[in-house]
Amino acid sequence: MKDDFAEEEEVQSFGYKRFGIQEGTQCTKCKNNWALKFSIILLYILCVLLTITIAILGYKVVEKMDNVTGGLETSHRRYTEKLTEVESDLKKLDDQAGQKALNTNTELSSFRSDILALRQQLHDIAEKTTRNKDTLEKLQESGNVLDDRQSQIRSALDSNSFMIISVNKTLQAYTGYINNLQQDTSNIQSDLQNQVHSHNVVIMNLNNLNLTQIQQRNLISVLQKSMEDKSLAILRIKNDFQNLQQVVLQARKDTDWLKEKVQNLQTLAANNSALAKANNDTLEDMNNQLSSFSGQMENISTIAQANEQNLKDLQEQHKEYENRTSAKFNQLEERFQVFETDIVNIISNISYTAHHLRTLTSNLNEVRTTCTDTLSKHSDELIFMNSTLANIRLDSASLKMQQDLMRSRLDVEVANLSVIMEEMKLVDSKHGQLIKNFTILQGPPGPRGPKGDRGPQGPLGPAGLKGQKGEKGEPGPPGPAGEKGPPGPIGPPGEKGGKGSRGSPGSKGQRGSPGKTGLPGPSGDPGPPGPQGKDGPQGPQGPPGFQGLQGTVGEPGVPGPRGLPGLPGVPGLPGPKGPPGPPGPPGPGMPMALQSEPTSVPEANGCSPHWKNYTEKCYYFSIEREIFEEAKLFCEEKASRLVIINNKEEQQWIKRQISGKGSFWIGLTDSEKENEWRWLDGSLPLYTNWKTGQPDNWNHGHGPGEDCAGLIYAGLWNDFYCEDVNNFICEKDMDKEQIFGV
């Protein structure tokens with residue numbers, strides 16, 4: 001630049017000394033000077049033009065710099081606005097994540113409270129089961145005590161039966177002694193014929209003894225009548241022994257009274273098989289004694305003379321024996337009274353235990369139904385909670401993915417912003433240098449010089465300032481699980497928590513199935529004797545006996561006990577069909593329906609009264625309650641059957657009919673083969689409407705299970721014990737004749 005200015009000074013000094021004045025003499029030199037002057041003038045003009053263009057260019061450059069700075073400011077504002085928007089979006093996302101976290105925390109807390117309530121309910125159920133176990137153990141102990149008492153009663157009854165057998169044997173021996181006192185051989189032979197006939201009758205009755213207990217009692221009454229006939233014959237033969245006969249009658253009164261007591265004991269202990277066997281043994285002994293009696297009667301004729309001397313001794317012995325027997329009878333009466341009181345106490349205890357067992361089974365049924373309902377509800381709630389947890393996990397995973405995407409986007413945006421800021425810093429530095437260069441160029445610039453050689457490389461600049469700390473990076477993937485550490489020491493027991501708030505009462509459970517029917521009650525005391533029956537038909541005429549001696553008229557005997565009614569006879573065969581009757585006179589010409597009034601007007605739907613019609617079938621909905629077999633027999637007596645449900649429409653119609661009326665039997669059972677349900681006609685069900693969890697064949701762990709089906713509330717099917725008492729539904733085909741008025 002200095003060289004240029006020096007040249008310009010030299011040129012100026014050369015030109016301005018003589019500006020077209022002193023060059024007249026030298027022509028060539030003048031021409032050269034004028035050319036130089038003209039060139040200098042042109043140079044000045046060019047310099048002025050250059051300065052003007054440079055000024056214009058500088059103005060344009062300044063305007064462009066102003067535009068660039070304005071654009072930088074607007075871009076900076078836009079970036080700041082975008083950054084604020086991004087920060088607000090991040091805050092909104094953080095708020096939403098916090099709200100979702102709070103919602104998840106509340107749901108988890110409610111879930112924990114529900115789990116605690118479930119645990120409390122399970123704990124209560126466990127306590128109830130322990131209580132029921134205690135009650136069952138007590139019942140088992142009471143059952144064992146009852147078994148011991150029953151064994152004692154059986155032993156006492158065995159001893160009583162043995163005593164009765166001994167008394168019967170003594171009485172038979174006593175009758176044998178009395179029979180040995182007969183003297184008149186002719187009368188004894190006639191009596192023997194009667195005895196043989198009665199013996200044949202007794203043998204025939206003994207053959208029919210094993211059929212029923214009623215025939216056995218009739219046979220005993222026949223034997224008693226034969227003994228009374230024999231005693232009357234002895235009274236007619238022996239007029240001298242009237243006093244002895246009165247004593248015998250008194251003894252027989254006592255025996256009849258004793259037999260009545262024995263019959264009462266037999267009715268009270270009807271289920272005692274040992275007593276029945278003892279009665280059979282006594283009857284067999286009586287048969288043997290009767291057979292021996294026929295042999296003894298043959299020897300009576302030889303022994304009669306010897307017995308005359310022993311009559312007085314026998315009378316004394318008989319008096320002593322009477323006293324002994326009266327004392328023994330008094331003792332037996334006292335023992336029987338004690339036994340009766342013991343039996344009454346035992347029966348009351350058994351009835352009390354049976355009632356207690358019924359209540360316990362009903363309670364167990366209620367507990368079972370409540371447990372099943374609560375378990376089903378809890379299972380539904382757990383399934384719903386599992387589904388909600390799965391949804392929460394999916395939502396949390398999606399939120400995590402969105403957060404990761406937002407973080408990656410933020411990182412990219414921040415990196416882009418950092419790059420843009422660096423670029424803007426560089427642009428600002430360049431603009432600053434340009435502005436400095438523009439401020440230095442104050443004077444008019446000179447002409448551009450030649451390009452100089454490249455200078456040496458300058459030293460490195462100082463290191464820049466340390467940048468700000470970057471944001472926290474994304475969490476890395478989880479590392480592998482470490483080895484399990486040693487178990488730590490057991491911590492101290494925590495403090496007992498405060499009592500939680502009482503939970504809301506649960507919803508009312510479904511109605512449980514009815515309990516099993518109780519055991520049959522004990523047989524009651526025998527009722528008072530009924531009125532005297534009518535005289536029976538006359539028996540067959542016996543063979544004529546020998547003419548006996550005329551005896552004295554004896555005292556009227558004590559009326560014997562009333563005999564039991566006989567078995568109903570076998571119905572006879574139907575008689576032959578009679579000949580057709582003559583035709584009747586012609587009637588008036590009116591229809592038969594108008595001539596006779598029907599006894600019971602059938603309904604217009606073709607069903608009997610109290611029956612309902614549906615799809616060409618009649619249905620009977622019972623008001624009374626029966627067990628399954630009784631309900632089946634009732635329907636069969638009505639020429640129908642227990643209902644068979646074949647489709648959903650029939651099920652819905654029956655459901656509407658029985659709503660709010662309890663449980664009803666249907667004709668479905670698996671009694672033939674377990675878990676193979678069939679209708680009573682043997683067909684498999686094509687349509688079912690079981691309650692959830694049914695049939696469960698619940699049998700309390702003992703005895704037969706639930707083998708009969710019925711309808712419960714809402715028309716659902718459930719399995720019951722066949723001994724349960726329910727209503728029932730009968731079904732039969734519609735009588736089409738009633739529809740047409742036939």
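Counting starts with 1 at the first residue shown.
Quick reminder: no glycine exception, Cβ is built from N, Cα and C everywhere.
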In Swiss-Prot, I644, N646, E650 are given as binding Ca(2+) 1, so which of E616, E706, E723, E731 is in that site too?
E731
When Swiss-Prot is consulted, the range among 71-101, 443-473 described as coiled coil turns out to be 71-101
Just confirming the record: what cysteine out of C635, C708 does Swiss-Prot connect to C722 via a disulfide?
C708
Ten-angstrom check, please: count other Cβ atoms within 10 Å of the Cβ of K691 (carbohydrate binding site), all chains counted.
18
Give me the non-local Cβ neighbours of D719 (carbohydrate binding site): same chain, 6+ apart in sequence, Cβ-Cβ under 8 Å, ordered along the sequence.
D670, Q694, P695, D696, N697, G705, E706, D707, C708, A709, G710
Given the binding-site residues D696, E706, which one is most crowded in terms of C-beta atoms within 10 angstroms?
E706
Within 10 Å of the Cβ of N718 (carbohydrate binding site), how many other Cβ atoms can be counted across all chains shown?
19
Using DSSP and three states only, what is K691 (carbohydrate binding site)?
coil
